[in-house]
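As written in Swiss-Prot, here are the features:
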- 1-21: transmembrane segment (TRANSMEM)
- 23-43: transmembrane segment (TRANSMEM)
- 66-86: transmembrane segment (TRANSMEM)
- 89-109: transmembrane segment (TRANSMEM)
- 130-150: transmembrane segment (TRANSMEM)
- 161-181: transmembrane segment (TRANSMEM)
- 193-213: transmembrane segment (TRANSMEM)
- 230-250: transmembrane segment (TRANSMEM)
- 257-277: transmembrane segment (TRANSMEM)
- 282-302: transmembrane segment (TRANSMEM)
- 331-351: transmembrane segment (TRANSMEM)
Amino acid sequence: MFYYFYELFGINFFSYITVRAGISFFLAFVLTVYFMPKFILWAKAKNANQPIYELAPQNHKKKNKIPTMGGVVFVLCAIFATLFSAKLDNNFVLIGILVLASFSLLGYIDDRGKILGAKNHAGLHAKIKFILQWIIGIICACLLLFFTDLDSLFYIPFYKYSIFDMGYFIILFWALVIISASNAVNLTDGLDGLATVPSIFGLVTLGVFAYLMGNAVYSSYLLLPKFVGVGELLILVTALIGALLGFLWFNCYPAEVFMGDSGSLSVGAFIGYMGIVTKNEILLIVIGFVFVMETLSVILQVSSFKIRKKRIFLMAPIHHHFEIKGWSENKIIVRFWMIALLANLIALIALKLR
C-alpha cells in the first residue's frame with residue numbers, strides 16, 4: 001500500500017525499500033504484541049496447550065499448561081504487514097507469502113490434531129505430513145523457476161562464479177532445501193525462545209543478502225548474482241523479524257506461549273526459501289548452524305541406535321542432552337543463541353570473501 005502512495009501522490013519517501021521495510025517491521029511487531037495476549041487467553045480457554053512428550057526431561061512436565069499455536073498469530077501479522085508495505089506485483093514477495101502461509105497452515109492442521117480433540121490425537125501422520133511438504137515445496141520451486149528472474153545455476157559459499165547449471169533438477173533441490181529447513185527449525189523448537197532468536201539472526205543475514213543482490217551497485221561491487229525484484233523481499237523478511245520479536249516478548253523464559261508447528265514449520269520453510277533466492281543454499285548450513293546441529297544430533301542418535309543398539313546422546317535433539325546433564329534451561333538457550341550469532345557473523349563474511 002505505501003508504495004502506491006509514491007505512485008499516486010509522488011511521495012518519494014515511500015519508494016525506498018528500506019523505509020517500507022522499517023514500516024513492515026514495526027507494524028508486524030506492534031500487531032503481534034497486541035494480538036498475542038488475546039490469543040493466549042483464547043487458547044487457554046480452549047485448552048489448546050502444548051502436548052509434552054512422555055519421555056521428555058522432567059522439567060518439561062510443568063509446560064503442559066502453556067498454550068501453543070502462537071505461530072498462527074505472528075505469521076498472519078507478518079503477512080498483513082507485508083501486504084501493507086510491499087509491492088504486490090513482485091513475484092518473489094508473493095511466493096514468499098505462499099511459502100509462509102502454506103507451511104503455517106500445514107503446521108496448524110498438525111497442531112490442531114494434537115490438541116483440539118481431533119480424532120488423530122497425534123496430529124498428522126508423519127508420512128502424510130512429509131508428502132504434503134514435498135507437494136508444497138515442489139509447487140513453490142516451480143513458481144520460482146518459471147515466474148521469477150531466478151536461474152538454475154548452483155553456487156557455493158566464498159566463490160563468485162556458479163559451479164554448474166542444474167536445469168530442471170533444481171526444482172527437486174529447492175524443494176529439498178525448503179523441507180529440510182522447515183523440519184530443522186521444527187526440531188529445534190523445544191525450549192523457550194530456542195528456535196526464535198536463531199531464526200531472527202538467520203533472517204537478518206538473509207535479508208542483508210537479498211537487499212544487496214537487489215541493488216545493481218552493491219551486487220556488482222560484491223560480485224553477487226543479481227535478480228530483478230529480489231530486494232523487495234527485504235520487506236517480508238523484516239515483517240517476519242518484527243513478528244518474531246513480538247512473539248519473543250511472550251516466548252522468552254519462562255514462556256507464556258509456544259509457536260507450535262504452525263510457527264516452526266513456516267519460519268523454517270521461509271528461511272530455506274530465502275536461502276534459495278539469495279543463492280545461499282549451501283551457506284544455510286552456516287546461517288542455520290544451530291538448526292543443523294539439532295537435526296544432525298537426531299540423525300546420529302537414530303542411526304546409532306539402529307546400527308549399534310547404542311545411543312550417542314543422553315537424549316536427542318541435543319538440547320535435551322544438555323538438560324539431562326544438568327544444564328539450566330536458560331544456560332542452554334543463551335549459549336545456543338551465541339552459537340547462532342557467531343555462525344551468522346561468519347556467514348556475512350561470505351559477502352566480501354568471494
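Just so you know, glycine gets a Cβ as well, placed from its N, Cα and C.
Remark: the transmembrane segment (89-109) makes no contact with the transmembrane segment (193-213), by the rule of 3 or more CB pairs under 8 A. Long-range contacts of the transmembrane segment (331-351) within its own chain (CB-CB distance under 8 A, at least 6 residues past either end) are made by residues 157-158, 191-194, 197-198, 201-202, 204-205, 208-209, 212, 222, 224, 253, 280, 283, 286-290, 293, 319, 322-323. Only residues 6 or more beyond the boundaries of the transmembrane segment (193-213), in the same chain, are considered here, and those with a CB under 8 A from a CB of the stretch are 17-18, 21, 185, 219, 222, 224-227, 230-231, 233-234, 237-238, 240-241, 244-245, 247-248, 251-253, 255, 259, 264, 267-268, 270-271, 274-275, 277-280, 287-288, 290-291, 319, 332-333, 336-337, 340-341, 343-344, 347-348, 351. Note: the stretches the transmembrane segment (130-150) and the transmembrane segment (257-277) are in contact (3+ CB pairs below 8 A, sequence gap of 6 or more).
Three or more CB pairs closer than 8 A are found between the transmembrane segment (161-181) and the transmembrane segment (257-277), so contact between the two stretches is assigned (pairs 6 or more residues apart). Looking at 23-43, 66-86, 257-277, the range that has the most CB pairs within less than 8 A of the transmembrane segment (230-250) turns out to be 23-43.
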